[in-house]
Amino acid sequence: MQLLTIGINHHTAPVALRERVAFPLEQIKPALDTFKSIWLGPSARTAPEAAILSTCNRTELYCATDDQAAREAAIQWLSRYHNLPIGELAPHVYALPQSEAVRHAFRVASGLDSMVLGETQIVGQMKDAVRTASEAGALGTYLNQLFQRTFAVAKEVRSTTEIGAQSVSMAAAAVRLAQRIFDKVANQRVLFIGAGEMIELCATHFAAQQPKELVVANRTAERGTRLAERFNGRAIPLSELPSRMHEFDIIVSCTASTLPIIGLGAVERAVKARRHRPIFMVDLAVPRDIEPEVGQLEDVFLYTVDDLGAIVREGNASRQAAVAQAEAIIETRVQNFMQWLDARSIVPVIRHMHTQADVLRRAEVERAQKMLARGDDPAAVLEALSQALTNKLIHGPTHALNRASSENRDTLIELMSGFYKHSGSTER
């Protein structure tokens with residue numbers, strides 16, 4: 001069984017490509033079924049395992065399979081599922097086998113692979129991915145163990161290093177950008193579209209600047225109202241967005257929509273109604289909520305999640321000592337996991353040996369019972385039984401020694417000598 005991680009992230013692909021391979025939450029379970037099916041068949045020795053992690057910054061497929069062509073099969077599946085030409089997708093995809101897959105999972109959960117170094121949101125996102133895969137029946141021994149250790153390593157890294165200290169979050173970066181456009185956020189009206197965790201973080205940071213007005217527009221009215229009331233704001237229906245957009249100086253959007261909810265025409269009308277006063281817009285969604293053409297309008301300052309990443313990275317350099325500590329912890333834990341994985345690889349062999357030995361035992365016991373039933377001497381039957389079992393049990397090792405090449409025979413002799421030295425002990 002081999003572990004494999006296939007994916008793209010903010011290091012390897014722009015948001016324009018990442019949004020095309022994102023998985024909406026409701027699509028993940030059925031996607032897992034079709035993903036696993038590429039390895040199901042008469043040649044599969046064990047059931048494949050899979051999990052899908054899809055966030056603003058990454059789409060990753062975690063797999064455990066005995067298919068030697070797993071890498072190519074997984075990339076081709078991702079291409080077909082999202083109707084993307086393989087030539088367009090493949091250059092941006094990373095494929096990480098075995099220890100590389102383990103190391104990657106540990107680094108992702110610890111915040112070392114995030115756009116915001118040390119951010120904690122990814123842990124919750126990974127736990128959601130694991131929960132969804134478990135509910136879909138897609139997890140097994142290997143991925144369960146991988147993710148259990150992943151979360152333990154993330155906890156160890158965050159509790160023993162300063163990896164998350166003084167980090168600049170995406171929400172804080174959005175405020176900094178707004179302050180470059182407007183002298184004071186306190187003089188501006190702010191609209192948040194969505195009511196998820198990222199919008200909640202952004203609302204917290206913007207509310208600290210005491211804007212003139214804070215408004216939340218959300219598809220679910222109750223959730224939008226609840227979030228707005230936390231910050232002494234108000235909520236409006238999402239359906240009113242086109243007619244109310246011109247009222248706001250700052251617009252931050254992050255929904256789970258698979259299609260843009262703010263089009264070029266709506267923003268053009270808003271700019272005209274505002275008499276060309278600037279609008280600062282932040283699109284943190286993947287797939288994007290705001291049509292990218294909006295950024296070409298003269299009076300609109302549109303930033304995506306990738307744009308904010310440049311500001312976030314400014315604060316990453318000061319925490320390189322913590323990164324080195326975290327990497328050392330992760331490397332040790334990777335070696336520990338690989339030792340467990342190596343031990344697991346022996347289990348099928350041991351199970352097969354037990355099965356074969358039991359088949360031989362049953363056959364010889366059945367033969368001995370027939371001999372006893374016809375009146376043969378019990379002592380002679382026991383002697384025949386023991387000789388038959390001895391001959392059959394040593395037939396395999398003897399045959400292997402006889403067939404071994406000269407360069408392998410010495411190694412086999414040494415291994416078997418040590419084996420029979422221990423297994424032949426009569427100590428009680």
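Placed from the backbone N, Cα and C atoms, the Cβ positions cover glycine too.
Features as listed in Swiss-Prot:
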BINDING   Thr55, Cys56, Asn57, Arg58, Ser114, Glu119, Thr120, Gln121, Gln125  substrate binding site
ACT_SITE  Cys56  active site, nucleophile
SITE      His104  site 'Important for activity'
BINDING   Gly194, Ala195, Gly196, Glu197, Met198, Ile199  NADP(+) binding site
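Annotated features taken from Swiss-Prot, shown on the structure.
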residue : record                        : DSSP class
Thr55   : substrate binding site        : coil
His104  : site 'Important for activity' : helix
Thr120  : substrate binding site        : coil
Gln125  : substrate binding site        : helix
Gly194  : NADP(+) binding site          : coil
Ile199  : NADP(+) binding site          : helix
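A coil conformation is recorded for Ser114 (substrate binding site) in the three-state DSSP classification, outside any helix or strand.
In this view, Asn57 (substrate binding site) is surrounded by 25 other Cβ atoms within 10 Å of its Cβ, with every protein chain counted. Each residue contributes its Cα atom, and for Asn57 (substrate binding site) and Glu197 (NADP(+) binding site) those atoms are 15 Å apart. Every protein chain shown contributes to the tally, and the Cβ of Ile199 (NADP(+) binding site) ends up with 23 other Cβ atoms within 10 Å. Ranked by Cβ neighbours within 10 A across all protein chains shown, the binding-site residues Thr55, Ser114, Thr120, Gln125 are led by Ser114. Taking all protein chains in view, 23 other C-beta atoms sit within 10 angstroms of the C-beta of Met198 (NADP(+) binding site).
Considering only the recorded positions Cys56, His104, Ser114, Thr120, the residue whose Cα is spatially closest to the Cα of Ile199 (NADP(+) binding site) is Cys56. Rounded to a whole number, the distance between the Cα atoms of Gln125 (substrate binding site) and Glu197 (NADP(+) binding site) is 11 Å. Rounded to a whole number, the C-alpha distance linking Met198 (NADP(+) binding site) with Thr55 (substrate binding site) is 11 angstrom. Comparing C-alpha positions, Thr55 (substrate binding site) sits nearest to Gly196 among the recorded positions His104, Gly194, Ala195, Gly196. Ranking the binding-site residues Gly194, Gly196 by the number of CB atoms within 10 A of their own CB puts Gly194 at the top. Comment: substrate site residues Thr55, Cys56, Asn57, Arg58, Ser114, Glu119, Thr120, Gln121, Gln125; largest CA to CA distance 15 Å, whole number. Of the recorded residues, Thr120 (substrate binding site) and Cys56 (active site, nucleophile) place their C-alpha atoms 14 Å from one another.
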